[in-house]
Structure formats: C-alpha cells, structure tokens
Ligand SMILES: CC(=O)[C@@H](O)[C@H](O)COP(=O)(O)O
C-alpha cells in the first residue's frame with residue numbers, strides 16, 4: 001500500500017489528463033489503468049477563454065482522487081492563486097506544485113518552489129512539489145511542510161526516461177521515510193520499471209500514455225511495468241558482477257549446496 005498524506009492507495013501510477021485524443025479515450029484510459037489519482041491543470045483548462053467547467057465535471061465523475069496542479073505558473077503569486085482556485089473547484093487540499101523556471105527544459109524554479117511550498121503548507125495545503133533530484137532542495141521542501149517529493153527524471157514531455165540514475169538513487173537513500181514519486185520525462189514502461197526498481201514509491205506520467213497510438217493499451221502496459229518494478233525492489237535484486245558465476249551445479253555437488 002502507498003500512503004500519501006494519510007491516504008492509502010493500491011495503485012502506484014498517477015496519470016495526467018492532458019493531450020488525450022478525446023474525453024472518451026481519457027475516461028477509458030483512466031479506468032483501464034486502475035489509477036486512483038489524476039492530476040489536472042487549472043491554468044491549461046481555463047486558458048484562452050475556456051471555462052474549464054465541462055472538463056472539470058468530467059474529471060470529478062471519474063471517481064478517482066484529483067490532484068490539481070499549477071502547471072504553467074512561473075511565479076509564487078501565480079502558483080498560490082492557482083492553488084487556491086483549485087481548492088475551490090475540486091474541494092481538495094492537495095496540490096501538485098509546479099513552478100517553471102526555464103522555458104526550454106521546463107526545469108522547476110526550486111527557489112520559488114520552496115517559498116510557495118511554505119506559503120501553501122502554512123495555509124493548510126498538502127503539497128506535492130515537482131522538483132529536481134537535488135538533495136538540499138528536497139530537504140528545504142520537507143522543512144517547508146511537504147510530506148512527499150516528486151523529482152523529475154527528465155524534462156516534461158521529453159520521454160527520455162531516467163537521465164540521472166545515481167541522483168535518483170541518492171535521493172532514495174537520503175529520504176528513506178518520505179514517499180518519492182518520479183514526475184515527468186518517463187517515455188516507456190521500462191523507464192517506469194527502472195525507477196520503481198530503485199525503490200521509488202510511484203510514478204506520475206502523462207505524455208507517454210496520452211500521446212501513444214493506443215493510450216488505453218499503453219496505460220495498462222505502464223501499470224504492469226510499475227508493479228513489476230515494485231515487486232523486483234521488494235524481492236531484492238542481484239547486484240551486477242564483473243565475473244561469470246556458473247548457474248548450473250558442478251557434477252557431484254549438491255543442487256542446493
Ligand atoms: C501532467 C503533468 O503534471 C506533467 O507536468 C507531468 O510532469 C508529466 O510529465 P510527462 O508528460 O513527461 O509524463
């Protein structure tokens with residue numbers, strides 16, 4: 001079981017809701033994936049004069065927990081305002097805090113992120129910060145009140161998969177008691193398996209599923225990949241070795257010796 005802010009969950013897959021070919025495909029994908037959490041962008045869905053109303057109703061009807069996000073925010077004030085709007089719309093204190101600092105990489109502005117996380121935590125929000133694998137920033141976010149950390153593994157939408165495995169491994173080693181969710185940059189189920197094998201608690205992804213030729217099938221593939229990685233982590237994997245080790249017993253020796 002995964003526990004996020006005292007909420008117990010069976011699924012370790014969190015799905016984004018943008019870029020699906022149609023609302024019907026989104027609904028079927030969420031159902032097939034068995035995810036229990038979807039993230040929704042307030043700004044994206046209300047941009048360009050859109051009210052977002054019909055889309056937000058559709059999300060509420062999915063029957064899963066909603067994690068609103070502040071995608072597209074570049075300042076503390078924008079992010080705080082968006083979080084407050086999200087709380088009104090979805091009646092939740094959960095917020096995925098995204099504060100973009102670099103236009104090409106969509107890298108988070110970790111300085112503003114910590115500041116916004118503190119303001120929102122003090123206001124009763126339960127903050128899921130989209131961050132980098134920087135250990136010091138992680139520590140500051142925990143001090144600011146976050147009880148979950150969500151490092152990227154590659155730029156949003158890049159599908160590159162884990163770019164800094166030693167960095168992710170160090171994060172797991174440093175924050176042993178904190179739920180760690182890889183958010184952004186996953187491209188394939190095998191990427192999700194890899195980060196779960198490192199001991200991450202869950203994976204949040206959007207583009208790799210929504211932009212697949214068959215999002216429903218792909219969501220199922222990700223769900224299986226995440227489960228496989230989790231079970232392998234729990235089972236305890238062999239460390240790679242330089243030398244060969246015969247796997248068949250030598251004649252005359254006991255099979256179980
Ligand atoms: C949906 C969402 O919140 C994204 O900002 C998130 O970071 C997912 O990234 P990918 O689209 O790379 O999976």
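For all residues, glycine too, the Cβ spot is worked out from N, Cα and C.
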Matching residue for the 1-deoxy-D-xylulose 5-phosphate site, where TrEMBL names 184, 185, 206, 207 - out of 145, 157, 236: 157
Under 8 Å by Cβ from residue 207 (1-deoxy-D-xylulose 5-phosphate binding site), same chain, sequence gap 6 or more: 16, 19, 156, 157, 159
Lowest local Cβ density among 157, 185, which the record lists as binding-site residues, within 10 Å: 157
Overall pLDDT of the domain 'Thiazole synthase ThiG' (4-249), taken as the mean: 95
